[in-house]
Amino acid sequence: MAAAPPHGHTPVGAAAATSAAVSIACSSSAASCNEDDDDYGGASSSWSLSSPRRGQPYRRLLRDEAQRLRRARRGQGPGADMPRWVRRTTDQMVRYVEDDRAGHVYGRHVVAAVRTVRATASRPSADMRQAMASFVTRLTFREMCVVLREQRGWRQARDFFAWMKLQLCYEPSVVAYTILLRLYGRVGKIKLAEEMFLEMLQVGCEPDAVACGTLLCAYARWGRHKDMMLFYSAVRRRELVPPVSVYNYMISSLQKQKLHGKVIHVWKQMLEAGARPNQFTYTVVISSFVKEDLLEEAMDVFGEMRRCRFVPEEATYSLLISVSSRHGKGEQALRLFEEMKAQGIAPSNYTCASLLALYYKNEDYSKALLLFSEMENSKIIPDEVIYGILIRIYGKLGLYEEAEQTFEEIEKVGLLSDEQTYVAMAQVHLNIGDHDRALEVLESMTTRNVKPSHFSYSALLRCYVAKEDIAAAEATFRALSQHGLPDAFCCNNLLRLYMRLGHLEKARALVLKMRPDDFQLDEDLSMTEMEFYCKSSMIKDADKLFKDIQRNRKTVKIPTMLLLIEMYARNRSCVILKEHSSSKALDETESSAASVVLKSLLDMPGGLSSVSLLISKLAREGSTDEAKFIYDQLTELGIKPDDSAIATLIVQYGQAKQLEQAQELFKSASAFFPEGANVYNAMVDAFCKCGKTEDAYHLFMEMAKGSNRDAVTGNFKRLKTSYMAVSKMKYHVITHQLQSSIQCLWQRRKAGQAVEMFAAAQELGLPIDEKMYTDMLSLYGKADRHQEASLMFKRMKEDGIRPGKEMQDCGHAPDSFSYLALIRAYTEAKLYTEAEEAIQMMLNSNTTPSCPHFSHLIFAFLKEGQIGEAQRIYNQMKEASVAPDLACCRTMMRVYMEHGLMDEGISLYETTRGSLKPDSFILSVAFHLYEHAGRESEAQDVLDAISVSGTSFLRNMKIGSKL
């Protein structure tokens with residue numbers, strides 16, 4: 001790291017070195033201070049490297065002379081074969097050859113001195129004074145420095161330096177000490193280097209940035225980072241700035257020891273000192289920021305590196321892409337990858353693996369496939385990591401055979417050595433439920449001497465849990481426990497296995513094992529543990545866990561909260577009132593634990609419906625007391641459960657002959673909340689099941705007269721059997737009320753309820769007149785329930801009712817929906833004459849028809865092959881000023897094309913093209929018809945229309961295909 005004197009020998013340089021004895025001393029003039037500032041780029045003016053005789057720094061003499069010689073060489077122009085300052089006369093060249101300079105940098109005596117000093121290494125007892133006796137007074141100070149620098153052994157350098165200090169031409173110089181510091185640092189003699197540095201200070205040589213940098217590099221090279229940082233602090237206190245190469249050596253040594261925080265610290269110190277980083281500096285610092293997971297800071301340094309016009313290496317891009325993907329900044333990672341490709345940098349396997357992992361995480365499999373293609377084109381050979389990601393992608397896409405083939409290929413080429421590849425293949429088998437194959441893959445890993453880790457043990461545990469092999473699962477869990485308590489995922493798997501197989505004692509032992517270890521529960525494990533507490537009725541533990549979850553502001557899933565509420569309901573005698581002061585409590589008042597959980601659940605989306613379903617579930621199971629407990633808790637909170645939950649509970653009370661409880665619940669629901677139809681129906685049903693038909697009848701009539709008219713529909717069918725016991729007069733009243741309700745529903749256009757009520761009336765055998773039939777036909781037509789309309793039509797014919805005429809005779813004029821349902825029923829029954837009569841009746845009654853009224857009959861004729869009849873109905877539709885719709889035109893055009901009726905098809909197209917939106921099928925048929933008729937210009941116009949509209953052109957059409 002120390003700067004050496006120039007190797008080139010020049011007359012001027014030699015004279016300067018010979019004539020001046022150089023030493024280091026403190027500067028006593030402001031001029032020398034300013035010169036030092038310029039020389040060392042901002043070094044302190046209190047330190048200088050100066051010659052007492054000349055008043056100029058020794059290193060500056062060498063540098064200035066070298067620059068002068070370079071300017072002299074440049075002045076000769078590009079065509080010069082030899083610089084003028086090297087040209088010699090014949091006598092000079094003779095002396096140069098005699099001096100053995102041909103082929104040597106230094107003179108013959110300097111080379112001899114170097115060899116002599118080196119030779120002492122083979123003679124440990126050799127005396128340097130005796131060995132160098134012939135060179136006394138022959139070597140200048142500069143030449144002695146050259147001899148010192150050319151030594152290979154630190155002992156020879158130490159002894160020669162001791163001899164060198166005895167020579168008359170020697171004066172203490174920072175250059176000589178720097179050379180010796182570099183030799184000691186190279187072989188790790190740090191203590192000798194420190195002693196030499198102290199000696200340099202004792203003899204009055206003030207160290208410069210190069211000397212200090214040499215010792216810093218020695219510390220860095222041998223991992224003495226603490227001493228390095230202490231010495232660096234001392235250097236900075238003297239306001240010396242080491243060269244950037246020294247900083248690079250320091251941060252590189254720190255990074256090799258993974259001391260990334262100290263690398264960042266030195267980087268900041270470097271910027272404060274004003275040193276200018278180079279490309280290597282930026283590369284090392286970005287890597288340390290990435291290792292410390294400081295993405296923003298790494299990107300800032302990366303941006304500064306690009307602003308300085310340094311081209312980042314592939315490794316830098318790779319690290320930034322990887323950390324960006326890890327932080328969820330996929331767009332930034334892709335942008336870096338595109339920038340790297342734009343600069344012509346080929347990605348490495350690590351970069352490709354990072355991008356593939358990003359694509360896999362984002363489920364962007366098309367880009368992953370594109371990257372594989374680019375790797376193949378760039379001749380990038382995938383490694384095992386990339387193959388492992390490919391296996392995972394195949395598994396995600398359901399391409400299990402391809403995943404297995406890739407795994408076999410890895411094994412054939414000898415790349416199968418990573419544990420994660422085995423686990424990836426095992427997970428693919430687990431995803432399709434093939435647990436045996438997954439176990440085979442994981443067991444083959446152990447036979448090939450691949451050491452399993454927590455990662456593979458976790459997959460193995462998952463296999464045994466899926467197979468419900470509790471012994472093997474426990475053995476795997478014990479193997480995991482040898483390295484500490486397994487993670488939350490593994491504990492959750494084993495705990496769920498215990499609960500699924502009913503081993504609650506083992507589950508309790510596992511839960512107790514997790515407690516003293518201060519185990520961190522994740523969301524899934526918390527829910528599983530809460531489920532265990534609820535099933536085991538461990539109320540105190542459940543309360544504590546629920547409070548911990550709320551304290552940590554985690555969300556409890558709705559199914560888990562329902563289990564907690566059910567536990568409170570089943571153990572309601574143990575649920576005591578507590579005082580809650582948290583924000584989740586009920587205004588800091590006394591309330592049960594169940595009320596607190598209910599309040600939290602009701603604040604969640606879908607919470608009320610979930611609680612209502614729980615009430616219904618408990619009621620159906622016969623746990624009416626538990627269901628009533630939850631209902632009471634809700635009413636205390638001023639919340640009404642769904643009517644279906646209340647109705648289910650009332651029905652269960654009725655089945656259990658608990659009429660008093662049913663009436664109490666009905667009164668409670670009616671008193672606090674507006675009563676619903678389902679609740680009324682359930683109460684009527686409870687009255688009937690308990691034999692209280694009179695009460696059932698009165699409640700039913702109350703429903704019919706009050707605001708619960710709609711409830712009659714659902715309740716009528718349910719009460720059929722019970723109402724048969726009611727008197728005949730009451731039966732007729734109910735019948736009249738039913739018909740009135742159907743009429744009301746018809747007026748309010750509630751088709752579904754009217755249909756249900758009509759079915760109930762038919763089931764009870766009530767007389768149905770033509771008016772009711774007409775209403776129902778119209779409803780069926782509006783609801784597009786043509787099959788029901790057809791069946792009703794057959795029923796009407798069986799009852800001797802002729803639709804149409806009887807409708808008008810009864811003074812009830814059908815609307816267009818009634819006619820549509822009637823025409824549809826006629827056409828499905830293949831009564832085409834009656835369908836035409838219905839159309840004509842519709843026209844005579846001034847009811848405006850639409851295209852569907854005609855198209856049903858048209859389609860029926862075309863289906864029978866009666867094209868003439870279909871054409872006739874189509875003409876009637878045009879005469880009635882009814883515009884055909886798109887479906888009708890498409891059907892007619894298809895028939896004309898298939899039967900070769902070109903003129904009719906062209907005529908239909910020309911009459912409808914102005915009123916209908918362009919359609920690819922109609923335009924394509926028109927083109928083929930024009931082309932077949934020889935009308936090329938019109939065919940070309942159709943093609944232009946297809947192009948303008950942007951529709952597709954259907955070429956595979958044949959005129960007269962059914963002839």
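Here the Cβ of each residue, glycine as well, is placed from N, Cα and C on the backbone.
Noted in TrEMBL for the protein shown:
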- 31-56: region 'Disordered' (REGION)
- 173-207: repeat 'PPR' (REPEAT)
- 208-242: repeat 'PPR' (REPEAT)
- 239-398: domain 'PROP1-like PPR' (DOMAIN)
- 243-277: repeat 'PPR' (REPEAT)
- 278-312: repeat 'PPR' (REPEAT)
- 313-347: repeat 'PPR' (REPEAT)
- 348-382: repeat 'PPR' (REPEAT)
- 383-417: repeat 'PPR' (REPEAT)
- 402-506: domain 'PROP1-like PPR' (DOMAIN)
- 418-452: repeat 'PPR' (REPEAT)
- 607-641: repeat 'PPR' (REPEAT)
- 731-902: domain 'PROP1-like PPR' (DOMAIN)
- 769-803: repeat 'PPR' (REPEAT)
- 815-849: repeat 'PPR' (REPEAT)
- 850-884: repeat 'PPR' (REPEAT)
For the repeat 'PPR' (850-884), distant same-chain residues with Cβ under 8 A (at least six beyond the ends): 816, 819-820, 823-824, 827, 830, 832, 835-836, 839, 842-843, 891-892, 895, 899, 901, 904, 912, 915
Tertiary contacts of the repeat 'PPR' (607-641), as residues 6+ beyond its ends and Cβ separation under 8 Å: 558, 562, 565-566, 568-570, 572, 586, 592, 594-595, 598-599, 601, 648-649, 651-653, 656, 658, 661, 665, 668-669, 672-673
Surrounding residues of the repeat 'PPR' (243-277) on its own chain - C-beta under 8 Å, 6+ positions past either end: 1, 41-42, 209-210, 213, 216-217, 220-221, 223, 225, 228-229, 232, 236, 284-285, 287-289, 291-292, 294, 297, 308
Sequence-remote partners of the repeat 'PPR' (348-382) [C-beta within less than 8 Å, at least six residues beyond its ends]: 314-315, 317-318, 321-322, 325, 330, 333-334, 337, 340, 389-390, 392-393, 396-397
DSSP-assigned states of the repeat 'PPR' (815-849) in counts, ordered helix, strand, coil: 26 helix, 0 strand, 9 coil
Residue counts (helix, strand, coil, in that order) that DSSP gives for the repeat 'PPR' (348-382): 27 helix, 0 strand, 8 coil
Per-residue pLDDT averaged over the repeat 'PPR' (348-382), given as an integer: 81
Per-state residue totals over the repeat 'PPR' (383-417) - DSSP helix, strand, coil: 28 helix, 0 strand, 7 coil
